[in-house]
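Pulled from Swiss-Prot:
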BINDING   8, 9, 10, 11, 12, 13  FAD binding site
BINDING   267-281  NAD(+) binding site
């Protein structure tokens, strides 16, 4: 008997199994190929806009993705660096081979984790409660909790031109039996599609005509636990399609599975295939392609922006029309893949299914796209499954606490009919959810769960103390416009003042940086760089942050008003049939969650609030 069984060894499965095992749960990870644990099936990169936030949040609570990325990274960049700190995002190119080897070895070393190379065929479910798993090897494993992290494997179907192949990924069998079995459980399910780009032999690329894109001169680590971070960095390159490329693609629309009706699943809106881009943006004469090394050896390059399911010979023809690729040799062709997913409104915020007790889902099975979104869900599913075994309160991150909270709340409350990816625009309180304050927001959770060490948490507490001390000093200390103070400001390269101001307003100036902060007062001289950066950020955005915190307090009042788990919405007089139907379907855990459901009116929320408060008084 296991405590937790995790089905699938992708990014969600890695985090789910690691979290459960590290929380002391006897855990089994079932995966089709042990060599492919943690494989980056698509692009060789981790992070990006909003996705970097997810990785930093994972790391803040003790997840693995940030550390693995730092070890396997071959280029590091901060995206949107010229914009505000709320929308900046960390991104790393990774050595794909090294990444999965590190991920696999980290799991194999965990004391409470067993890994078995076999495929789950059927779940053992009794009275709407999962009891275990039966595999393709006829093995039966019983468990208190099961977590599905199946990625694109559920009835996976690969498309290249007119050709179709049942597979979960190239070279790996689709999970047909499990996919068919899930259809019998009465769950709302759908079909989604994603795709991948061709890979090209480096010897066949003329890099001399391509634009170079280097990593940052002073790269920043993803993990706050990474020490002596000094990675070897490789350049990426930028190429461009042209009218000839577009003409080749247009002439073969009739062979594109996307347009022939061969593909039924809905594809990702924000990561379209090249044929979809040419069709949707027919007025554009060129599209950027990002040429990314797959490993530190740089023998193969991933052609980011060139996702396609056109026939093999067409892929070669259209790629060779791009400058620098006239002699390109494709080592691995692009393809589209369709797969089953469970509509995420079937889930609770813990990622447990509402209809099947003790069965959790994480990653692409929930309708998301992206390694980072998958990892975040896997981590939370592993944590909540473990907490449930211990009969402890679940960890449900609020929208004002973490992008992970936004991600899960969006999925569970709003659902999705297309592959969901994270954006900073999805977060109402993104100024509070900066990448670099993730450890301050979430570190205590990781420590309380036993996923962060005493040393790690002490480091976080020191930064929190420095931030509080530094900010209080800036807000309380006033500068008068005398000769001495103005001379000091001029020595820093800052404009003089003409009226009394507190130091926070001076530090909030766009020109004020960390080096100037150090000279402002001896209190800052001994503080570490991380603390100084956060003091600077909090000071610069102080009034905006204060406004967002006030908004959060209003939201908390609604979030704290809990709706009982088996609440009968029909018993509330004054609610329309439509509202009752939606509330019964979504089963919101709080009034705030109910407010996020489309079609739930303010009047209905008022009625519901009054009724629940009255019931609580009676109780």
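Backbone N, Cα and C define each Cβ position, glycine as well.
Taking CA atoms as the reference points, residue 279 (NAD(+) binding site) and residue 11 (FAD binding site) are 32 Å apart. Geometry remark: residue 267 (NAD(+) binding site) versus residue 12 (FAD binding site), CA distance 20 Å. In this structure the alpha carbons, written CA, of residue 10 (FAD binding site) and residue 281 (NAD(+) binding site) are 33 Å apart. When Cβ atoms from all protein chains are considered, those within 10 Å of residue 13 (FAD binding site) total 31, not counting its own. Residues within less than 8 Å, Cβ to Cβ, of residue 277 (NAD(+) binding site) and separated from it by at least 6 positions along the same chain comprise 284, 287. Ranked by Cα separation from residue 269 (NAD(+) binding site), the binding-site residues 8, 11, 13 are led by 11. Between residue 9 (FAD binding site) and residue 275 (NAD(+) binding site), the C-alpha separation comes to 31 Å. Taking a C-beta cut-off of under 8 angstroms and a sequence separation of 6 or more, residue 8 (FAD binding site) has the following same-chain neighbours: 30, 31, 148, 149, 150, 151, 153, 363.
Using the Cβ center of 8, 9, 10, 11, 12, 13 for FAD, the list of other same-chain residues with Cβ within 8 Å runs, in sequence order, 6, 14, 15, 16, 31, 37, 38, 149, 150, 151, 363, 374, 378. Counting only same-chain residues six or more apart in sequence, the Cβ atoms lying under 8 angstroms from the Cβ of residue 281 (NAD(+) binding site) belong to 287. Residue 12 (FAD binding site) is 20 Å away from residue 271 (NAD(+) binding site) when you measure Cα to Cα. Around the Cβ of residue 279 (NAD(+) binding site), 17 further Cβ atoms fall within 10 Å across all displayed protein chains. Taking the Cβ of residue 273 (NAD(+) binding site) as reference, residues of its chain lying under 8 Å away and at least six apart in sequence are, in sequence order, 195, 258, 267, 307, 308, 309, 336. Considering only the binding-site residues 9, 10, 267, the Cβ with the fewest other Cβ atoms within 10 Å is that of 267.
It is 28 Å from the Cα atom of residue 11 (FAD binding site) to that of residue 275 (NAD(+) binding site). The two recorded residues, residue 12 (FAD binding site) and residue 275 (NAD(+) binding site), have Cα atoms 30 Å apart.
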